Amino acid sequence: MVFEEKMIMNGEPEDEEEEEEEEEEEDMVDPLETMRLKCAETEHCVHTQERLEDCETRVGSRSSTAEDCTEELFDFLHARDHCVSHKLFHSVK
């Protein structure tokens, strides 16, 4: 019976301190993610993302093709990460 009680309590915080810590962790936002979202809205990133979406539409419309969108994906990720690198490291202490 004790084993069953431990299984039921497993994963549930036993006191209020643990609940507060979990709430604080949920409220934290990764600055990298917010910068990625902002950079994805820049003109160059929007352009590369449109090329990626066009490629995905083209490839998805065909039943069989050897084409994939790897180059377009890498172009978009490179543009976004380039933008992020200029902003992120200025905010790191």
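Think of each number as a place in line: the chain as shown, counted from 1.
Note: Cβ is positioned from N, Cα and C throughout, glycine not excepted.
When the candidates C45, C69 are compared with TrEMBL, only one is recorded as disulfide-bonded to C55, and it is C69. Remark: secondary structure over the domain 'Ubiquinol-cytochrome C reductase hinge' (30-93) totals 50 helix, 0 strand, 14 coil, with classes taken from DSSP.
Within the same chain, the residues at least 6 positions away from C55 (disulfide bond) whose Cβ sits under 8 Å from its Cβ are E67, C69, E72, listed in sequence order.
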